[in-house]
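J.: Here it is, the structure, as structure tokens.
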Amino acid sequence: MKKTTILNAQLSHVIATMGHTDGLTICDAGLPIPTEQHCIDLALTKGIPDFLSVLQAVSSELFIEKIVLAEEIKNINPQIEQQLLMVIQQIEVQQKNTIKIEYIPHNEFKHQSNQAKAVVRTGECSPYANVILYSGVPF
């Protein structure tokens, strides 16, 4: 049995095959995901698993150089935004790098999300609890 954090085979495979600047979207239960997009659906019930727990698990195995958020999160869901930014600060300390943070309109976020290597759907039922993680290199 795998010893490290992520036990989900699909998610572990996607992370292992990501290269520099590849994107991985972690989203709430409501983000539209095109049929042709590689979707790793972790949603079990409302809130399970939650967005931040999935982000923390993914960040334990993925070196992150940049994140993209929908700018609407600032006004509509500032609680999740602040919690997410705290997690990003913790990741920066662990990785010993600065993670670039970019805010874009939600419609543009959906377009960029469609370009990601995969979308990880959580059970989060909180508006704009979505992030695109861009892979960096740990050297």
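Start at 1 and count along the chain as shown; that gives each residue its number.
Each Cβ is built from the backbone N, Cα and C atoms, and glycine gets one as well.
Since this is a predicted model, take the numbers as computed values, not measurements.
Okay, these came from Swiss-Prot:
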{"type": "ACT_SITE", "residues": "H20", "note": "active site, proton donor"}
{"type": "BINDING", "residues": "D28, H106, Y128, A129, N130", "note": "substrate binding site"}
J.: Drop a 10 Å sphere on every Cβ of the binding-site residues Y128, A129, N130 and tell me which sphere holds the fewest other Cβ atoms.
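T.: Comparing Cβ neighbour counts within 10 Å for the binding-site residues Y128, A129, N130 gives Y128.
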J.: If you count Cβ atoms within 10 Å of the Cβ of H106 (substrate binding site), leaving out that atom itself, what do you get?
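T.: For H106 (substrate binding site), the count of other Cβ atoms within 10 Å is 17.
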J.: Specify the count of other C-beta atoms within 10 Å of the C-beta of the residue listed as 'active site, proton donor'.
T.: 10
J.: Measuring Cα to Cα, how many Å separate A129 (substrate binding site) from the residue listed as 'active site, proton donor'?
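T.: That separation, Cα to Cα, works out to 24 Å.
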J.: List, in sequence order, the same-chain residues at least six positions removed whose CB sits under 8 Å from that of D28 (substrate binding site)?
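T.: Those within reach of D28 (substrate binding site), by Cβ under 8 Å and sequence separation of 6 or more, are F51, R121, T122, E124, C125, S126, P127, Y128, A129, N130.
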J.: On the Cα atoms of D28, H106, Y128, A129, N130, which are listed as binding substrate, what is the maximum pairwise distance in Å?
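T.: So the maximum pairwise Cα distance among the substrate binders is 13 Å.
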J.: Round to a whole number and give the Cα-to-Cα distance in Å for the pair the residue listed as 'active site, proton donor' and H106 (substrate binding site).
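T.: H106 (substrate binding site) has its Cα 24 Å from the Cα of the residue listed as 'active site, proton donor'.
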J.: Which chain neighbours of the substrate site, leaving out D28, H106, Y128, A129, N130, have a Cβ atom within 8 Å of the mean position of the site's Cβ atoms?
T.: C27, G30, L31, A70, E72, I73, N77, F109, S126, P127
